Amino acid sequence: MLPATSNLESTELLEMYPTLSSHVLSEESNLIDDLDPKPEDDRKLMRKLGASFFLFGLINNVLYVIILSAALDLVPPSTPKGIIAFCNIAPALVAKVGWPYVLKGRIRYVKRIFGCCILSSLGMLVVALFDSLFARLIGIGLASFSSGLGELTFLQLSTTYAPPSVAGHGLGYFASGTGAAGLAGAFLWWEVRGLGVRVGVGLSSVLPFIIPATYFFLLPSCSAFLYTSLPPSGYESPNGQGSILPYTPLAATEELGEEEGSFRAGPRKNVSLTFNDKVRLVRPLLTRYMLPLFFVYLFEYTINQGVAPTLLYPVPSPDRYWLLSKIVHTIRDYYPLWQLIYQTTVFISRSSISIGIPPLPPNLLPLPSVLQGFILLLLAFESSIGFYADDAEGLSIITVFALISLEGICGGLAYVNAFYRINQEHPDPSSAHNMERAKQEKEFKIGSIGFADSSGILFASLLAVPTELALCKAQTRRGKMLCKEL
């Protein structure tokens, strides 16, 4: 071993032994290379993160869509189909209200994910194996509860990643996955419905197992992003005035080795939010996020369940409407067409963050719900009175196509932007010194607003039936009897 020397002596020694100089510089260079993250590695991590959260959103929501798509096959003809919609949303609402507000302490993500997987699979098996209406409603309720808890869990999981740009990336892809579930679920049921309920729904019971497989084998750990070349963007203030609290990565020694999150910051013992803490945190979120989400989904699902079934027109003639006649063969084909348009535009708009479109400014978050209200009024007017003469069905169909496309865009934008904005909010200054508490507050805040959209859907299911009946009566009064021919 070489004896200790001064800086000058070290320099002279390296000049005397060029081989030693080359070796030392090489070792130093290798050490720097090890510490310096490579951009291609960061891109690979981000792709894996995006793919994981996309699959979480897709698989978690696809069973909900399969059940709605299979509603006609799941219950006897004399049973109102609204009971399927109710059992498919009410248990999810219970999960979204109960878990964030009632439970305390740290989130056990692995336990939750396995619990959701088992409940979803069990629910679909009950629907497949039992023919009684009561048993099938129980199975639908289990799958719905699991879907609601799963959505809540993955939204909260996205907040455990840092820096904020990484957390936003994961959330954007999760929202995109939930949008894709609408198209994928309808397509899957269309393909397997010929096998019957027992086989078709039974096959779908294996889908939930994709989620734990993704969590363990594809999802990057939170610690993988502690030292990256990604820009350490700051947190945004709620009023959208940019970064007011810089992100500072923690040392690797503060990394958690389990599923619970990315940091062990400050004392972990007895850290939990009280009910008063939660009330304090949720109060400013009510008008900022919850009311816009509630109203956009109230209007949206009133359109889907109450207005869209009455948007009926004569079957288009091949001579006048060649392309449309290839799609619509009977008046029953209009409603699936409107739903296809809606689901496609929801997927596109929910993918806006993941494809690089900037999020809405915070002061514009209520805009989609306001537009959705106008769309509801316009479509109700078209259904009851009509914008054009009865023989101008081509213009009417084009108008409805445009309005339903805008409906899907508004709904998707409201969802992804509300959750993205709350995901990017800065921690409360009063808890900034205690990272475990700050982490729990962030998880609670994004979970606490989840019941707003489900509440809107539930109330819409109650409004949809009288709305559909009233619009059909208005059509018959002006001599349009198509809604009576279904």
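Every residue gets a Cβ built from N, Cα and C, even glycine.
Feature list (source: TrEMBL):
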TRANSMEM  53-71  transmembrane segment
TRANSMEM  83-102  transmembrane segment
TRANSMEM  109-130  transmembrane segment
TRANSMEM  170-190  transmembrane segment
TRANSMEM  196-218  transmembrane segment
TRANSMEM  289-315  transmembrane segment
TRANSMEM  335-357  transmembrane segment
TRANSMEM  369-389  transmembrane segment
TRANSMEM  395-416  transmembrane segment
Three or more CB pairs closer than 8 Å, sequence separation of 6 or more: does that hold for the transmembrane segment (395-416) against the transmembrane segment (335-357)?
yes
For the transmembrane segment (170-190), give me same-chain residues lying six or more residues beyond its boundaries with a C-beta closer than 8 angstroms to one of its C-beta atoms, as numbers and ranges.
49-66, 68-70, 151, 154-155, 157-158, 161, 200, 204, 339-340, 342-344, 346-354, 412, 415-416, 419-420, 423
Beyond the flanks of the transmembrane segment (196-218) by 6 or more, those residues with Cβ under 8 Å of it:
48, 51-52, 55-56, 59-60, 62-63, 66, 70, 73-74, 109-110, 113-114, 116-118, 120-122, 124-125, 127-129, 146, 150, 188-189
Are the transmembrane segment (53-71) and the transmembrane segment (109-130) close enough to be called in contact, which here means at least 3 C-beta pairs under 8 A that are separated by 6 or more residues?
yes
Please report, as numbers and ranges, the same-chain residues at least 6 past the borders of the transmembrane segment (335-357) whose CB is under 8 Å from any CB of it.
50, 54, 168-169, 171-173, 175-176, 178-180, 182-183, 186, 304, 308-309, 311, 327-328, 400-401, 404-413, 415-417, 420
Tertiary contacts of the transmembrane segment (369-389) (same chain, 6+ residues out, Cβ under 8 Å):
291-293, 295-296, 299-300, 302-303, 307-308, 310-311, 395-396, 399-400, 403-404, 406-407, 410-411, 414, 467, 470-471, 474-475, 478
